[in-house]
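Engineer: Next up is a structure, given as structure tokens.
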Amino acid sequence: MWMFSWLCAILIILAIAGMNTIAKTTPHTKFTKKSEEREMPKGLKPSSGPPPEEEETLFTEMAEMAEPITKPSALDSVFGTATLSPFENFTLDPADFFLNCCDCCSPVPGQKGEPGETGQPGPKGEAGNLGIPGPPGVVGPQGPRGYKGEKGLKGERGDQGVPGYPGKPGAQGEPGPKGDKGNIGLGGVKGQKGSKGDTCGNCTKGEKGDQGAMGSPGLHGGPGAKGEKGEMGEKGEMGDKGCCGDSGERGGKGQKGEGGMKGEKGSKGDSGMEGKSGRNGLPGAKGDPGIKGEKGELGPPGLLGPTGPKGDIGNKGVRGPTGKKGSRGFKGSKGELARVPRSAFSAGLSKPFPPPNIPIKFEKILYNDQGNYSPVTGKFNCSIPGTYVFSYHITVRGRPARISLVAQNKKQFKSRETLYGQEIDQASLLVILKLSAGDQVWLEVSKDWNGVYVSAEDDSIFTGFLLYPEETSGISP
């Protein structure tokens, strides 16, 4: 019975729904304006009744923008029972109003539609802010023991240790075999010939100037220093023999005249012809001295007399005019080379381990032509002041050696060679010193540091030579 009532109720509901569908069907609306073909907004669903106020406002704006058309809008297929624009064409028969009164009521929400298709992924969003760092993790367990590493590089050499005490001197060794004779050294290269000095282009010798006028006699000066002996003059030619004059008449006795100046000593006259012997006459009265005769011609030069005292210095004469250029003289003879002072020596040690704190005697002379080095004292004596070069090459064996170069009574340079056992080494030095005449230079070793050695196979040599002498003028050598 109850099932029948349910079936009746279902049929009634279906009938009412069918009638409602028929009542909503209206004739096609007439359009006076062409509506723009727009896509229906998303979310807008077809409705069976008049659109709500929001939709009415939207449709009104769309209707104002549309143009008149003769074809119905494509939206009619969406809204099958309603017209979008204009709304004055919406009609409902009075007979159907009763059945359509449900349109006045609030629409009942329909069933939930199926979910739409998944949209395209949106653009990538901006990176978010850095998050707060998390707490530190728990300490993990200790890892397994690693493999053994490779061997490291060799370390640097350590500092030299403190030298030990010197050992006792060893026993005298046996003399070694005699060495072979060395080859003859090569001769030095011959020096180049010096260039000829430049001649003075404008240094012409002028002619001798004219003798100046004789100056007025000066005041009487004191006796000058004794002059140098003059050179002997050339022998003059002998003058012609004069004619024998006539004998004058005997004059009367004149008045006694004043004493005349002493005349120069004349040369001895020629011997006259032997006259005839006269008769012995009576002695006549003494006649008066005659008038002084004229000075005779200068006779031949007499013998060179003693040098007289130096005369007074006359006034300086006027400088004569420059003479004409003289002819070029003959080329002079080749001059002698300037003598260069020399001083050098080179000597070797003849006995090993010389006494300490005294000059080492290098008795094996290699060169000492000037004799400035003394093998007896072991010292070099400076005889030429200047700059010298000194050097030594010492063989050291069996013990340390501390060698000092002494100059001007002061240890100028020191060197040390540390050696022990039977090892052999060399110590050398080269130095330049400025010495004065009388300075001495030598080598010496300190106590307990005497390892200076020499043998048939090893030498120890001391050498020195003059580099250049001291300047004696304003021009350097």
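The backbone N, Cα and C atoms fix where each Cβ goes, glycine too.
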Engineer: Looking at N372, N381, which is the one Swiss-Prot tags with N-linked glycosylation site?
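Structural biologist: Going through N372, N381 one by one, Swiss-Prot flags N381 as N-linked glycosylation site.
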Engineer: Among N89, N202, which is annotated N-linked glycosylation site in Swiss-Prot?
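Structural biologist: That would be N202, per the N-linked glycosylation site annotation in Swiss-Prot.
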Engineer: Averaged over the whole of the domain 'Collagen-like 3' (278-337), what is the pLDDT?
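Structural biologist: Over the domain 'Collagen-like 3' (278-337), the predicted model scores a mean pLDDT of 78.
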Engineer: Per DSSP, how many helix, strand and coil residues does the domain 'Collagen-like 3' (278-337) have?
Structural biologist: 0 helix, 0 strand, 60 coil
Engineer: Pick the one among the glycosylation sites K178, K310 whose Cβ has the fewest other Cβ atoms within 10 Å in this structure.
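Structural biologist: It is K178 that, of the glycosylation sites K178, K310, has the fewest other Cβ atoms within 10 Å.
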Engineer: What is the interatomic distance between the Cα atoms of K310 (O-linked glycosylation site) and K178 (O-linked glycosylation site), given in whole Å?
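Structural biologist: For K310 (O-linked glycosylation site) versus K178 (O-linked glycosylation site), the Cα atoms are 79 Å apart.
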